[in-house]
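**Q** Just dropping this structure here.
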Amino acid sequence: MEMIANAWLVPFFPLLAFVLLVAFGRQLKESAAYVGILATAASFVVALLIFFERFGDGAKDYINTSFHWITFAGQKITMGFEVNQLNAMMLVIVTLVSMLVNIYSRGYMQGDERFPVFYQYLALFTFSMLGVVLSPNILQLYIFWELVGVCSFLLVGFYFYKPEAKAAAKKAFIVTRIGDVGLFIGLTLTFWWMGSFNYSDIFDKIQTGAVEEWKITLIGILVFIGAVGKSGQFPLHTWLPDAMEGPTPVSALIHAATMVAAGVYLVARMYDLYLASPIATEVIAYVGGFTAIFAASIGLTQRDIKRVLAYSTVSQLGYMMLALGAASAAGYVAGTFHLMTHAFFKALLFLAAGSVIHAVHTQDIFEMGGLWKKMRITGLVFLVGCLAIAGVPPFAGFWSKEEILVATLTSGHVDLFIIALIAASFTAFYMFRLFFLTFSGQARGGADAHESPGVMTMPMLVLAVLAVVAGFINTPWKPALGEWLTNGFTMFNAGEHGAEHAAPIWVTLLAVGVSVAGIALAWYMYGKGTIPKGEGGVFYRLSFRKYYIDELYNAVFVRPLRAFGKGMYVFDVWVVDGLVRLVAALTRGIGGVGARVQNGQIQTYGAIAFIGLVLLLAGLTIAGGYVEQWRTIFLQS
Amino acid sequence: MANYFLTILTFSPLLGVLLLAFVPKSLPGTIKALGTLATLVPLVLALMLYANFNSAAEGLQLVQQWNWINIPVGDQAIPINFEVGIDGLSMPLLVLTTVIATISALAALTVNKRWKEFYILFLIVEMGMLGVFTSANLFQFFIFFEFTIIPMFFMMGIWGYKDREKASMKFLLYNGVGSAIMLIVFVALFILMGTLNMEEIKQLLTSPMSPRNVPDMQGFIPESLRLGLFLALLAAFAIKIPIVPFHTWMLKAYQEAHPAVIMISSGVLIKIGGYALIRMNAAFFPEWMEQLSTLIAVLGVINILYGAVLALVQDELKLMLAYSSVSHMGIVLLGLAAMNAEGFQGAIFQMVSHGLIAALMFYIVALIHERTGTSNIRELGGLAKSMPIISGILLTAMMASAGLPGMSGFISEFMSFVGLFGTKPIIAAIGALGIILTAVYLLRATLGATFGPIQQKHESLSDAQAIEVVPMVVLLSLVILIGIYPAVLSEPLQTTLQNIVPRIGG
């Protein structure tokens, strides 16, 4: 059976699981987990089959748009699904991570009152995320895009009775919504300027040169604003660290591996459009580069294990955007390659962090320590994750990060190249600060920690293996992923597959050098303790308080808006309605009609209607002769 | 038979009135059951209408016409006909009316006195609404319009909360002014046109052959007069929609009236304003609609932002919903101001969508009020713990109201904005800020009620019962159906849209 033509099966299983869990969740109790696990496993198998089919000879991009969704002012809008190299890869990533998280949650969420609800949400999320990557047009993408946002909101607010969770859920929804309005406007303009929502039609239209560049740029930037919101890029990054209020498996799946990468996916999917607009890609590169170093510098000082990881996610997503901003085959491959490796090692780190939290019941790394001996598996996989994200060869992050550096350098952005290097050293530092504080030294908390059950360690081990080997899929001497991804990409020059510019050896050495330097510094500060930590300085405080961005937004947007609203309410009650009351009072005073009307006699009310009728009939009678005259004139003409 | 269909549909609620007349006042159970079941008759008829609607037909269908009143003038008689007919614009609103009526009848089960009067008035209002949407002439439109206002006034004043009489007076005064203006325009149009038939008036005013449009011909109607009529109609319907600053009648009514009454008002009645803007303003005076479209767009944006900003600071959920209605009706104006098929389609979608969602939201708030004795978010919180079903549906309804894809609010909002971006991108971009504000105020209100720690006295409250779940699920299903498969609504609209739009130059 041709699996590609049946790609709808991939999201179908989680949808089915969602429906089943809504219907029977209460009865199933904790068996609900198996519904979720089975469904995502089935999706994963189908996704793998599709993935392998993509390697077949002449595997063309598959598009099915047979579902007539709506007639839009005479134009039929269809929905369906598509399969190409990029989303085939995404399908595998999403289903794999989702399946592992479903398994892991069986242990992590054990005993939770709303266990089946949790699995409902997970299933709905997986369905929506798969919907995002399968969409053949940008309108359908937007629909699923918003759905994943809702699932994220629901899961962040899963512990709804906690005020922090409530605030975080609200923030996640609103901040991403701001970005979504950009995408929303981009969509409407696409309809007018490109005449269609379909990716293929949009790209064809651009290729004919019929669309002015400023229009392409404007659409590109508006779409990118949507990606900024979803992928936590500056200045809309503030929701992502707060989203850590959700259960940790959710942080792994949604706020690290899959949903937050949707923005990166969107930019990659629209790459044909971005290649036609140097300004838009420039914006992407700088926003990405700035976010990379900005978030990394905040990560340096955070005390909450999940928040450190959250800022590292923001930073790594910035790297991906930076790569895509290079506007070349190399950038495209590097960005999507990093998306893949990051999905593995970041999901790993979150699951391992969850395992730690599960054991010590705190998220403050200064209350941990000495866990290496007590949690051997968790410690080991966490170390693998740290090495991968720090870019130490031969772990996965090394390969993809190096490609990003090369792509940035060859695109001529030396400034961004330097920023990326500094951010890389930050990353290595804060990840190992985290590692040493958590696992080395003496236990600082009182909890009696022990290793998590097998249902939680197994998924971590799988991800750990991937975090080690995934990088070899695209090495400078055998760029298999790059060749495959760029195969059939019309916008790139033939044969370009992202590895034309092999990394000069000094780039590799420099990249590894800064990472090792960061790790070493972390060791001396937090492992061995020979270098003083330097807390309390201005920069420390700025970083620790996240540059006061939340406070700034509060002062500039939130509070003035509320004050304005209150003022307007006073205006509404006293001025707008006051005028009405004044007019009514005057009428009452003059005619005394109001008093009689208000005394509750039904006849009076009836009279009001009756007078209207009389007036109408009188008008008709008076007008009658006049009308007749005109009618004759009209009939004659 | 087919010809009688619309007439039968229009007057079908009277069957219930007739039967209720024979039930003694002392049997509330029977009255409630009968009153609710009576709304099923028009509902079934309307669904049959939907199923048999001919999407390809141009102009009105299922037309029926007979001579009703003759006005003697000299030796001749001017006939006023009773004439009904529907097209793709009125059909969805008819279905909406019957759905909302049935759901509201269920919500009215909590009425605690004078049940017989309540259901009789209720059914008369339903007849009035159906009559408004089936009317093919202005006279009939006016009569049926009054049949919605007067009984509504009594329903607001007799049943409801403490300050209900004031609320009902305000409702009557405002709507009375609107009716009076409307009536004057209708009389003027009759004098000028010699007919009350809407289709004929449209032809007379827009056909280049018509003497009304040829200067120097007897009967020519100058532009200034057209503008005056257009503005007068706009003012009349501005109260109904309502357009800021004519919205304050809603606030008191939302707070004080019985929930079932507000579900009718917010679900259907205010849509009559939007319907009439298309039926009359756009159809009779397309060139003024075009010229003043910027004004309408600005009014729409003001409605959206004004309503949203004020909804943002309300602690009272009912007031929040009132301002939210103001904001959402602004989207109808935006769609109309776009002056293209996309925008008009969006406006019509938004009317149907908002009708469903507003009724649903108000129903849920009523359920919460019934249980906790308050609908103020300062006194609520954490209800998701004791009422997971009600809270879950409230959250879903909130998402629908915020225009979330997969539900009807999105596609309506989207089309309206697509339309407006095609013609007035700057105004549209400002209006799009409302999308963010909508999410902010809705989240604040719904999370304020359902999330966070629960108050001790609310811990043991009961969740929705089966009879209460049914209306919510029905409304939500329709909202989701339109959201997932909007073709159910877009297909019947297309021919009618093609008829309206070329005339308005889109």
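Just so you know, the numbers here start at 1 and follow the chain as drawn.
The backbone N, Cα and C atoms fix where each Cβ goes, glycine too.
Per TrEMBL, the features are:
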type	residues	note
TRANSMEM	B:6-23	transmembrane segment
TRANSMEM	B:35-53	transmembrane segment
TRANSMEM	B:89-111	transmembrane segment
TRANSMEM	B:118-136	transmembrane segment
DOMAIN	B:135-430	domain 'NADH:quinone oxidoreductase/Mrp antiporter transmembrane'
TRANSMEM	B:142-161	transmembrane segment
TRANSMEM	B:227-248	transmembrane segment
TRANSMEM	B:260-280	transmembrane segment
TRANSMEM	B:292-313	transmembrane segment
TRANSMEM	B:347-368	transmembrane segment
TRANSMEM	B:389-411	transmembrane segment
TRANSMEM	B:426-445	transmembrane segment
TRANSMEM	B:466-488	transmembrane segment
**Q** The transmembrane segment (B:466-488): which same-chain residues, six or more beyond its ends, come within Cβ distance under 8 Å?
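**A** Long-range Cβ neighbours of the transmembrane segment (B:466-488): 99, 103, 106-107, 109, 349, 352-353, 356-357, 359-360, 363-364, 367, 389, 393, 396-397, 400, 405-411.
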**Q** Cβ pairs under 8 Å only, please: of the recorded stretches B:118-136, B:260-280, B:292-313, B:426-445, which one is richest in them relative to the transmembrane segment (B:89-111)?
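**A** That would be B:260-280.
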**Q** Short question: which residues 6 or more past the ends of the transmembrane segment (B:260-280) have a Cβ under 8 Å from it?
**A** 89-90, 93, 96-97, 100-101, 103-105, 107-108, 110-111, 122, 125, 129, 132-133, 141, 145, 148, 152, 155-156, 159-160, 198, 233-234, 236-242, 253-254, 318, 321, 325, 329, 332-333, 336, 344, 347-348, 351, 354-356, 358-359, 362-363, 500
**Q** Taking a Cβ cut-off under 8 Å, which residues six or more beyond the ends of the transmembrane segment (B:35-53) line up next to it in the same chain?
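**A** Hits for the transmembrane segment (B:35-53): 5-6, 8-9, 12-13, 15-17, 19-20, 61-62, 86, 88, 91, 94-95, 97-99, 101-102, 105-106, 108-109, 115, 118-119, 122-123, 126, 130, 492.
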**Q** Mind checking which residues of the chain, 6+ beyond the ends of the transmembrane segment (B:389-411), have their Cβ under 8 Å from one of its Cβ atoms?
**A** 324, 328, 349, 352-354, 356-358, 360-361, 364, 367-368, 383, 435, 438-439, 442-443, 445-446, 449-450, 463-464, 469, 472-473, 476, 478-484, 486
**Q** I need to check the long-range neighbours of the transmembrane segment (B:292-313): which residues 6 or more away from its ends have a CB within less than 8 Å of a CB in the stretch?
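**A** Counting only partners 6 or more residues beyond its ends, the transmembrane segment (B:292-313) has Cβ contacts under 8 Å with 230, 234, 238, 243-244, 247, 319-320, 323-334, 336-339, 420, 423-424, 427-428, 430-431, 433-434, 437-438, 440-442, 444-445.
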